[in-house]
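J.: Quick one: the structure is below, and I'll ask about it shortly.
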Amino acid sequence: MIWNTRNATYMFTVPDFPILEKQNWLIHLHYIRKDYEACKAIIKEQLQETQGLCEYAIYVQALIFRLEGNIQESLELFQTCAILNPQCADNLKQVARSLFLLGKHKAATEVYNEAAKLNQKDWEICHNLGVCYIYLKQFNKAQDQLHNALQLNRHDLTYTMLGKIHLLEGDLDKAIEIYKKAVEFSPENTELLTTLGLLYLQLGVYQKAFEHLGNALTYDPTNYKAILAAGSMMQTHGDFDVALTKYRVVACAVPESPPLWNNIGMCFFGKKKYVAAISCLKRANYLAPFDWKILYNLGLVHLTMQQYASAFHFLSAAINFQPKMGELYMLLAVALTNLEDTENAKRAYAEAVRLDKCNPLVNLNYAVLLYNQGEKKDALAQYQEMEKKVNFLKDNSSLEFDPEMVEMAQKLGAALQVGEALVWTKPVKDPKSKHRISSTGKPAGFQQPLGSNQALGQAMSSAVAYRKLPSGVGGTSQLTKPPSLPLEPEPIVETSEQTREK
């Protein structure tokens, strides 16, 4: 079998087989029109006439099977194409892609490597190899292949996957550098602009975040992810009414977005409309029952309303999904303290202290509980540990401490008789220049322990909505094999924004 480049059709040199130009053209025409039933009828007739040896008909039949979700059947047909024409890299690329879709990433890499031997200048092979290595957790090999793909041909998708590797490794700075290069290459790509804005938002660089999100909205005013991110940033700075206006636009585009309802709920929390906040958060929880941030916020609002049993329920669920977060254990301990379960509250505080090595509020709350139980020696130990954390934060950052937290620490210090030279100082209120450490749970003692209108913690909200990825393979304008598209990336890891009530 030879490839006739002039007519872009397959011609068979075996005398018993006629020239099938018309049938191949009809197959291609119906495929690109997405008239798959008519296409399959012609393919069946073609295979009968050629005794099942028409490579192009088998190839298109495999593509249709893949579009219908029959991945295993498409794999078998692509393997047949590879047997009929073993020197065609496209056949091997499609075999590898089917293996990838079946979750057989290691086998897919082997086939892609065989295809690379036939065509060393194909950027798709390098790109898809990189994606397979990501799933195999071999990030160094993945980066090498993706860089090779960029040298052969620069594509937005390759930059996206490179950035994803750095995000998986927790290196935000390198991820930002990759996305900056991607934006330079494709300045009108709203997905890249939005992602870069979200990364700056996560780092607290609000000016650059707003700039890139604004550019994304300039090119696409209906980009709901950028609108959601911009609203989240306004929400972080306490502009709850403006943020709700933004969210109203997003609700028209994606009314069933869990991050959207989570953020709306926390806007109502900031406006002290707690019933409305719980209603919105429960809708978000219904849409995403396994999102620990929504459960965290539900526990936080119930703590504010002094509904400690409900708070315990949601915080326990959040801990099941995020067991390494010390702050969750501290809030759980606050709820248990108010439910008069002191022993379990101590256990929760001990776990919070073990997991959280930076937040002085954990030690402060634990010290208050121990002091109220008459364990002054242990309370003093926790207070001194809190002082160490405060000193470290003062020396290494410009963060500002919550006034209510400072006041409680001073009261506890006086009660423990640790002297007048406390590490706490009244902060200078300048919200434009400094960030504030907000109290995450009131100490279980000293006047009213919980239920005030002060912030109980950092309400975490996700600024990225879920997006649907394109799937399927499209035909070309000429009678050629439909291309092997690059493997689509998964959605970027959602960026969490922190909103707080002042």
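Every residue, even glycine, has its Cβ placed from backbone N, Cα and C.
So TrEMBL has the following annotated:
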| type | residues | note |
| --- | --- | --- |
| REPEAT | 156-189 | repeat 'TPR' |
| REPEAT | 190-223 | repeat 'TPR' |
| REPEAT | 292-325 | repeat 'TPR' |
| REGION | 429-452 | region 'Disordered' |
| REGION | 471-502 | region 'Disordered' |
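Describe the structural surroundings of these features, if you would.
T.: Mean predicted confidence for the repeat 'TPR' (156-189): the pLDDT average there is 91.
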J.: According to DSSP, how is the repeat 'TPR' (292-325) divided among helix, strand and coil residues?
T.: 27 helix, 0 strand, 7 coil
J.: Per DSSP, what is the residue tally for the repeat 'TPR' (156-189) in helix, strand and coil?
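T.: The breakdown for the repeat 'TPR' (156-189) reads 27 helix, 0 strand, 7 coil.
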